[in-house]
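Below: one structure in structure tokens.
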């Protein structure tokens, strides 16, 4: 996971102090890219422990098209609690946009189903894109999408994914984002009879919150360990059939967790 540590190091050295929506303040850069070869292991940060259960359940929650945190709470996941209303609703966030982007009236588009069909039928297409940035729905969302658009690319029997993330909390959020979209790439590749290729992570505003700087410096003192392997149940060929029990992470031996406050 050297690319992730290099990003953190770059922001600590070259980041600009900026104010932000939360009032916390950040060190920020604009424009950066990381690449991960998914054939070399599953890109899960090893210089601190990541909560893999949260990553898997959140992704399954997105893929369900769900926007209520009830499913997450039932599975012991609290990462969206701060933004939900009293009934657990978040508005038309990621799951809604991925699975039922509203066109007009009762019509909607299932972008996940559409892109999988494109990968299978027209793998050389340059239109294999999913967007969560629905301008007409932004004011209804509890939190505007941070990871806004991703595109797939097929070559030599391998599926790659590139994510554009407009806003990135490097210390807390980015390890989740890397793992989540890498896992989604593995899942879709399996459903399309392809091998995983690369995950490419492109950023707009990538930042370290000012109350995360000490934690970031601590993390940079730790030596990365070998990447784990994520095994998927090979019998699953439909993206909506995956369940938590269909994922097994092998050889994950991270350094201890590092706690940091969430900026809301």
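Backbone N, Cα and C atoms are what each Cβ position is placed from, and that goes for glycine too.
Pulled these features from Swiss-Prot for this protein:
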ACT_SITE  146  active site, nucleophile
BINDING   21, 126, 127, 166, 167, 168, 169, 177, 207, 208, 209  dUMP binding site
BINDING   51, 169, 263  (6R)-5,10-methylene-5,6,7,8-tetrahydrofolate binding site
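I would like each feature placed in context: is it buried or exposed, what are its neighbours, and how far apart are things?
Within 10 Å of the Cβ of residue 146 (active site, nucleophile) there are 17 other Cβ atoms, across all protein chains. Annotation note: residue 146 (active site, nucleophile) sits in a coil segment as assigned by DSSP.
The DSSP secondary structure for residue 127 (dUMP binding site) is coil.
All protein chains considered, the CB of residue 51 ((6R)-5,10-methylene-5,6,7,8-tetrahydrofolate binding site) has 16 other CB atoms within 10 Å.
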Between residue 207 (dUMP binding site) and residue 146 (active site, nucleophile), what is the CA-CA distance rounded to a whole number of Å?
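Here the two Cα atoms are 12 Å apart.
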Any same-chain residues 6+ apart from residue 127 (dUMP binding site) with CB under 8 Å of its CB? Would you list them in sequence order, or say none?
118
With an 8 Å cut-off on Cβ-Cβ distance and a minimum sequence separation of at least 6, pull the same-chain contacts of residue 169 (dUMP binding site), or say none.
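In sequence order, 146, 207, 209, 263 meet the Cβ cut-off.
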